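Taken straight from Swiss-Prot:
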{"type": "ACT_SITE", "residues": "CYS120", "note": "active site, S-palmitoyl cysteine intermediate"}
{"type": "DOMAIN", "residues": "90-140", "note": "domain 'DHHC'"}
{"type": "TOPO_DOM", "residues": "1-4", "note": "topological domain 'Cytoplasmic'"}
{"type": "TOPO_DOM", "residues": "26-44", "note": "topological domain 'Extracellular'"}
{"type": "TOPO_DOM", "residues": "66-131", "note": "topological domain 'Cytoplasmic'"}
{"type": "TOPO_DOM", "residues": "153-181", "note": "topological domain 'Extracellular'"}
{"type": "TOPO_DOM", "residues": "203-263", "note": "topological domain 'Cytoplasmic'"}
{"type": "TRANSMEM", "residues": "5-25", "note": "transmembrane segment"}
{"type": "TRANSMEM", "residues": "45-65", "note": "transmembrane segment"}
{"type": "TRANSMEM", "residues": "132-152", "note": "transmembrane segment"}
{"type": "TRANSMEM", "residues": "182-202", "note": "transmembrane segment"}
Amino acid sequence: MKMRLHFVVDPMGWFCMSMVFFVWIYNSFLIPKLVLLPHYAEGHITAEPVICYYLASLLCFSALFRASTTDPGKLAQDPKIPLAERDNWELCNKCNMMRPKRSHHCSRCGHCVRRMDHHCPWINNCVGEDNHWLFLQLCFYTQVLSFYTLVLDFCQYYYFLPLSSVDQADFAVHHELALLRVSCFMGLIMFGGISSLFYTQVKGILTDTTTIEKMSHLTEEVPRRPWQQAMAEVFGTRWKVLWFLPFRSRHPLKLNLTIRSHV
């Protein structure tokens, strides 16, 4: 699958996504400036914590960018349906297009999405078959970055040695306490909310149930698959190390096809 940029024209989605971006850039700039770099310069910490924080920040932003700009599985205008699979397709009663079963018509985006999980305003995009793996990465790295930020906020006042060579006239240094309190508040909100979302997403994958199917009470009893198989289908590869890399393309990996009713 080629990496094509996909944008949704939705002012509310742009607003929600800008809030997420603000939280990311606030902590990615503030924590190194007030905590990591000054303590590294004075020899209180080694380079590893600094590198790890920047790496977590980079992976989080990469997953955010990829999840918001990757086509979630939009159906072509005139799909070519193989003869052997015609029984697994149906007509959408909103856009009058043929689509695979378990697809859903997104009223926000105005088109059908293959195996759509939900529309997420925080990434201004649908979460579907082709970008679900990126959404999972975003949730995972947001948890990592938020937790790391909370740990550093705590260490700044209760563990690290006092700094002696900082510029007290600098705005960020002068208002350090207030700025780090805001950082801590953001970290708590993000870590708590995303942890709950990540749990429900992983549970849905393991039970082969989308968020829309759960909300519509249209779930069916299906045999439980091994977790490795379920996750491999979402990420498009059996190589577990690749599950954590947003800098790649996904290729469909159908290990076990389950057909259900549509929503």
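Backbone N, Cα and C define each Cβ position, glycine as well.
Note that the coordinates shown come from a computational prediction; the quantities given were computed from them, not determined experimentally.
Only residues 6 or more beyond the boundaries of the topological domain 'Extracellular' (26-44), in the same chain, are considered here, and those with a CB under 8 A from a CB of the stretch are 50, 53-54, 57, 61, 145, 149, 152-153, 155-156, 160-161, 163-166, 172-173, 176, 179-180, 182-183, 186-187. Within the chain carrying the transmembrane segment (5-25), a Cβ under 8 angstroms from the stretch's Cβ atoms is held by residues 57, 60-61, 64, 68-72, 74, 108-109, 121-126, 145, 186, 190, all 6 or more beyond its ends. Under 8 Å from some Cβ of the transmembrane segment (132-152) lie the Cβ atoms of residues 24, 27, 31, 35-36, 52-53, 56-57, 59-60, 63-64, 66-67, 70, 72, 115, 117, 120, 123, 183-184, 186-188, 190-191, 194-195, 197-198, 201-202, 205, 234-236, 243-244, 246, 250, all in the same chain and six or more residues away from its ends.
Taken as a whole, the topological domain 'Cytoplasmic' (66-131) shows an average pLDDT of 88 in this prediction. Remote same-chain residues near the topological domain 'Extracellular' (153-181) are listed as 30-31, 33-35, 38-39, 41-42, 44-45, 187 (criterion: CB distance under 8 Å, separation of at least six residues from the stretch ends). Counting residues of the topological domain 'Extracellular' (153-181) by DSSP class, helix then strand then coil, yields 16 helix, 0 strand, 13 coil. Taking DSSP states H, G and I as helix and E and B as strand, the topological domain 'Cytoplasmic' (66-131) has 10 helix, 20 strand, 36 coil.
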